[in-house]
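Visitor: Take a look at this one; I'll ask things after.
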Amino acid sequence: MQIHGHSSIDKKHPISLYSSKQLYAMEQAWFSEGHDSFGLMQQAAWQMAKHIEQLYEKKYLNHHSSASVNFSHRHNHQYRVSIWVGKGNNGGDGWLIAYYLKQAGWQVQIVTVGFEDSDFSNSDSDQVNSDKSDTTAISNSKSSITDAQKALQVARSANCKYERFEDSQNDLRSTALQADVYIDALFGIGLDRTPEGIYKQAIRAFNELTEQNNGLAIAVDIPSGVVASTGEVFDRIAIKADATLCLIARKFGLHTKDGVDYSGQVTDIPLIPYQVDNVAFEPVAKLITTGQAFSPRRQNSYKGSYGHVLVIGGNRIDGSQGMGGAAILSASSSMAAGAGKITVACHEAFHGALLTSLPDAMTINLHDAQGVQHLIKAASVVAIGMGLGRDDKAQALFVNYIQAAMTAKKPIVIDADGLYHLASLQLKNDKLISQLREYSTDNEVCLTPHSGEAAKLLNKKIHEIESDRLSAIKLCAQTYGGNWVLKGAGSLVLERGLDQEQVYVCGVGNAGMATAGMGDVLSGVIAGLLAQQDLEPEMRSLHQAVIIHGLAGDILVSQTNQYNSGKSDRGHLLIGQRGLQAQDMPVAIRHVMQLLVDS
Ligand SMILES: NC(=O)C1=CN([C@@H]2O[C@H](COP(=O)(O)OP(=O)(O)OC[C@H]3O[C@@H](n4cnc5c(N)ncnc54)[C@H](O)[C@@H]3O)[C@@H](O)[C@H]2O)[C@H](O)CC1
Ligand SMILES: [K+]
C-alpha cells in the first residue's frame, strides 16, 4: 500500500548516509559518555510509537473524509497493531513499541520469531520487582539480561499479548494476525546473512498479511532482510515496508540497490547528537534528490560560449550490426542539457538518420581518424564509447581518440563500449590505463558503468559488484582514476577532489529508466554540462548530471506534468514506467534545465 503525500526527505539538503559499522560506533560513543543503552531503546520506541500513530492517522485520513474523523475520540474502532519481533535489539524496540501503543489504547498483538519457550521463562524477570510493571523498575534491574530481554519483560508485565510465529503459521488468517498496522522488528542493522527457515517464512507471511489486510507496513530502523551497509536483499527475502522509521542516522542501504524498493517513506528519528564523544562521523555517502540552480546566461553570448561536444560512437560493424541510435541519443541529450554545439563522429551509414532526428548536429565519419583528431582539438569535451563497437578496429579507434583527447587536454566521458575496451586494455596491462589514471588527476574524466560493465572493469562477477556497490565504485576510481557513476537503482556517483573523494547516492529516477539507450542519454547530459564553461563547477558536475537525468525520467512518468497530462511532444498520452523510452528523455531534460533555473 502507498502512503500518500511527500516523503520526509528534505529536498534541499543532501542527507548523510552511514554504514552499520558506523551506526554501532555512534551508539558505543553515546554509551561511553555514560548514557544508558536501555534508555536509548525506550526513547527510540516511544518516538516510533508516536510516529506510527501519525502515519496511521495520515493513511486513515487519506481514505476517509478528513472532516468526519476525529482521532482524539476513537469511538468506532480500536486500532490493531501486529508487531513482529526478532531476538536482537531490533526486536527489543518492537516489544517496547507494543508497550507504548498499548498505553495509547491500541489493541496489540506481538508475533515472536525464532524464540524458544525458555525465552519467556520468568527466571530473569524474578530479578525485576514484579510489583512494578513500569519500565523504570525493569531498566533499573541490576541483572545481566540484555536490553532486548528487558524490553520483552516490560511488554509482558504490561500484559501485551504475544504468540510464537512457529505456533501460528498454519493459521495466518487467525484473527490475532488481522491488523491495521504491521510493525517489522525482526532484524535491524545486525542482519548479516540470508534469512532462512522460520525467518524466511515469517518475512513472507508478514508481506502476505499486510497485502491481504491492506495493512500499513512499518519497518523499525530498516526493513528486515535489507543489509544496512549495502542495500542488498538476499534472494528477494525482505519486508516490503510502506514506511521506515530510521533510528539514529540514515542507513546507506535504504537508498541504493534493493533497499530503494523495500523502504517506502523514510522518516529519521535521530535520538543522539550528530557529534558524540567528540567524534564526528564522516558519512559514507550523501543522498541527493535535487540539482543546483543554474545561473542565467549572459545576453551577450553566442553558441561558442556554451561549448562544443564531440560524441564518438555509433559504429556499424562489418556492414551488419549497427548502433547508430546510441550516438544520436547521446548527442540530442547533450544539446538538451544546454551544449552550444554538437558534432557526432559516427559511421557514415547513420549520418542521414542522425540529421533527420537532430538537424542541429554536425557529422563526421567515425573512421576518418585525421578528421576526428582534428575535431577533438576543437571540441570542449569528448564523449566516447556509445555504440562504438567491441571489435579490434573499434579498440584501435578508441585508443587513438583517447590519446588525442588527453594530448589536447579535453574533458572525457567514457561509456558503454569505451568501458569494455578499458577493461580489456587493463587485462593486457596496456599503458593507456596508467596514462588515463595520471591524466585524470588534473583533468576531468567521467566513467559511467552499470554493474555488468563494472564487473568487467574490475575482473569480477556481477554479483560481487552488486553485493557491495560502494566498494566497487571506490575500486574503479582507484584502478582507473577519474569520476564515476555506478548506474542502477540509487545510482552511486564518486567525485574525486584534491585530497578526498565524495560519494553521492542519487535519490531520483525510476525503474522505467531501465531500458536501452538511457545510459547513452546520461553520457550526453554529462558531456553537455561539462561543455558549458560559463557554469560553476558544482553546476556542471557529474552528480548534477545524474540528478538531471533522474529528474527527467521522473517527470516523464509523473501523472501531473505538462507532458503527461495531455499530449507529449511525441503525441502520446500518459507515459508510464513501462514503455518509457530513451528518446522521450531530451524534452524532459530541457524541462528540468528550465526548472533548475527558475527554482
Ligand atoms: N542498543 C540499543 O540500545 C539500541 C538498539 N537499537 C536497535 O537495535 C538494532 C540492532 O540490534 P542488534 O541486536 O545489533 O541486531 P538485530 O536486532 O538486527 O539482530 C541481530 C541478531 O540477529 C541475528 N541474525 C542476523 N541475521 C540473521 C539471519 N539472516 N537469520 C537469523 N538470525 C540472524 C544475529 O546473529 C543477531 O543475533 C538496530 O537496528 C535498532 O533497531 C536502536 O537503535 C535503539 C538503541
Ligand atoms: K526491521
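The backbone N, Cα and C atoms fix where each Cβ goes, glycine too.
Remember, TrEMBL labels are computer predictions, not curated facts.
TrEMBL feature annotations, pasted as is:
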type    : residues                                                       : note
BINDING : 89-93, 188-194, TYR199, ASP221, ALA326, GLY387, HIS450, ASP520 : (6S)-NADPHX binding site
BINDING : ASN90, ASP184, SER224                                          : K(+) binding site
BINDING : LYS487, GLY488, ALA489, GLY490, SER491, GLY519                 : AMP binding site
DOMAIN  : 23-279                                                         : domain 'YjeF N-terminal'
DOMAIN  : 286-596                                                        : domain 'YjeF C-terminal'
REGION  : 120-140                                                        : region 'Disordered'
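Can you tell me where each of these features sits in this structure?
Guide: Other Cβ atoms within 10 Å of the Cβ of GLY92 ((6S)-NADPHX binding site) number 30 in total over all chains. Under the three-state DSSP scheme, GLY92 ((6S)-NADPHX binding site) falls in the helix class.
Over all protein chains present, the Cβ of SER224 (K(+) binding site) has 29 other Cβ atoms lying within 10 Å.
Taking the Cβ of GLY519 (AMP binding site) as reference, residues of its chain lying under 8 Å away and at least six apart in sequence are, in sequence order, MET386, ASP415, ALA416, THR448, HIS450, LYS487.
Mean pLDDT for the domain 'YjeF N-terminal' (23-279) in the predicted structure: 87.
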Visitor: Relative to ligand 1, which of the binding-site residues ASP184, ASP192, GLY488 have a Cβ found under 6 Å from one of its atoms?
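Guide: Within range of ligand 1: ASP192.
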Visitor: Could you check which of the binding-site residues (ASP184, ILE189, TYR199, GLY387) sits closest to GLY490 (AMP binding site), going Cα to Cα?
Guide: ILE189
Visitor: Give the residue from the binding-site residues ASP184, ASP192 that has the most other Cβ atoms within 10 Å of its Cβ, counting over every protein chain displayed.
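Guide: Going through ASP184, ASP192 one by one, the largest Cβ count within 10 Å is at ASP184.
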Visitor: In the same chain, which residues outside the set LYS487, GLY488, ALA489, GLY490, SER491, GLY519 have their CB within 8 A of the centroid of the CB atoms that define the AMP site?
Guide: HIS450, VAL485, LEU486, LEU492, CYS506, GLY509
Visitor: What binding-site residues among ASN90, ASP184, ILE189, TYR199, SER224 have a C-beta sitting less than 6 Å from any atom of ligand 2?
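Guide: Listed by sequence, the hits are ASN90, ASP184, SER224.
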Visitor: Out of these binding-site residues, GLY387, GLY488, GLY490, which one has the fewest other C-beta atoms within 10 Å of its own C-beta?
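Guide: Candidates: the binding-site residues GLY387, GLY488, GLY490. Fewest Cβ atoms within 10 Å: GLY488.
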